[in-house]
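Undergrad: My structure is below; once you've seen it, I'll send some questions.
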């Protein structure tokens, strides 16, 4: 996908080759018979397998980054939580930086000229600074979510990442002005050590992102620890990759005797490897974490007898029932005691008044409470209900 934009850009800034067209047609290598000539022969040269491999990996990575960005944009309205929406901006900015890394790798598959070397030196550190700034702000975001359970807004994090990466843009511009304009050197004539020292700020951003990811892993909330683990893995692997390519670029080529010839392959492979590393170990897991819906609380199945109740009390339910509302045998004893007390008080005389009449029939008959009726299914045994007096002529209650 990034093959054609890079070719269009280079065709605009390219001044042309110094060789004749006839010589170019004779110098076309095997595999480039479909129209590509120098200086683009590494894109199709089957004798230089590393160029075709880097081109294929870069094109696949660029396509994957574009698809992931489109998925995030299409499903952005489904993200309702503010904690997850705050990470969408840095992810999209990181995907833009990854796309730039894959696109810049094509510039190392083309023969050098003055404009192409300016493009390489200007964009190398800037794109890496953009990616590592996104990792740094993601570490700050996860640290805030793990400790305070709230995060800065997505626009704030995106602006912070752009501001941090702009510093590397200023450093690269100053380096080009000092070496190309003031000293009059060619843009392609620079020492590998100078190129590595110009990326010192990028390495500082990577170390800061590694520290932020380590602090985010120590947060109190376990919900964001998985994101912190992925971020820490991406930072550690990026640091190992940078140690590998810087060591090979500075000392490995000279030790193997391939100093100027293998410089461009080493840088192109470093770009593609860094792009895929960030895509697989940070962009994809973070996008999945932002787009996945929160787990819904499952309702208890009251008809499933294989599961124990969620809140089972170990004590007996009879302890919480009042004495008057317990089982029927207890109310039976209570009813007989009440009848006995009523019969005994029937002949009691008060000293100041006339003889007190006997208790009415309602007090001599056991009257169960409503709770007793419910517990016993609405039926009352007839052997516990005392019969009415013979002189009672009213209607039967039971």
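Note that Cβ sites are derived from N, Cα and C of the backbone, with glycine treated the same way.
Pulled the feature table from TrEMBL, pasting it below:
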SIGNAL    1-18  signal peptide
TRANSMEM  57-76  transmembrane segment
TRANSMEM  88-110  transmembrane segment
DOMAIN    93-145  domain 'G-protein coupled receptors family 3 profile'
TRANSMEM  122-142  transmembrane segment
TRANSMEM  154-175  transmembrane segment
TRANSMEM  195-217  transmembrane segment
TRANSMEM  229-251  transmembrane segment
TRANSMEM  266-284  transmembrane segment
REGION    334-362  region 'Disordered'
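Map these features onto the structure and tell me what's around them.
TA: A Cβ distance under 8 Å defines the sequence-distant neighbours of the transmembrane segment (88-110), meaning residues of its chain 6+ beyond its ends; these are 2-3, 5-7, 10, 39-40, 42-43, 51, 54-55, 58-59, 61-62, 65-66, 68-69, 72-73, 76, 79, 116, 119-120, 123-124, 127-128, 130-131, 134-135, 137-138, 141, 154-155, 157-158, 161-162, 264-265, 267-268, 271-272, 274-275, 278-279, 282-283, 286-287, 290.
If you take every residue in the domain 'G-protein coupled receptors family 3 profile' (93-145) and average the pLDDT, you get 92.
If one looks beyond the transmembrane segment (122-142) by at least 6 residues along the same chain, the residues whose Cβ comes under 8 Å of a Cβ in the stretch are 86-87, 90-91, 93-94, 96-98, 100-101, 104, 151-152, 157-158, 160-162, 164-165, 167-169, 171-173, 176, 195, 198-199, 201-202, 205-206, 208-209, 211-213, 215-216, 219, 224, 227-228, 231, 234-235, 238, 267, 274, 278, 282, 286.
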Undergrad: Please report, as numbers and ranges, the same-chain residues at least 6 past the borders of the transmembrane segment (57-76) whose CB is under 8 Å from any CB of it.
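TA: Non-local partners: 1-3, 85, 88, 91-92, 95-96, 98-99, 102-103, 105-106, 271-272, 275-276, 279, 283-284, 287, 290-291.
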Undergrad: Other than its close neighbours in sequence, what residues sit by the transmembrane segment (154-175), given a CB gap under 8 Å and a spacing of at least six beyond its ends?
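TA: Distant contacts of the transmembrane segment (154-175): 85-90, 93, 121-122, 124-126, 128-130, 133-134, 136-138, 140-141, 194, 198, 201-202, 205.
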Undergrad: Of the residues in the domain 'G-protein coupled receptors family 3 profile' (93-145), how many are helix, strand and coil by DSSP?
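TA: Residue counts in helix, strand and coil order: 49 helix, 0 strand, 4 coil.
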Undergrad: Please report, as numbers and ranges, the same-chain residues at least 6 past the borders of the transmembrane segment (229-251) whose CB is under 8 Å from any CB of it.
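TA: Non-local partners: 132, 135, 138-139, 142, 192-193, 195-196, 203, 206-207, 209-210, 213-214, 216-217, 263, 266-267, 269-270, 273-274, 277-278, 281-282, 285-286.
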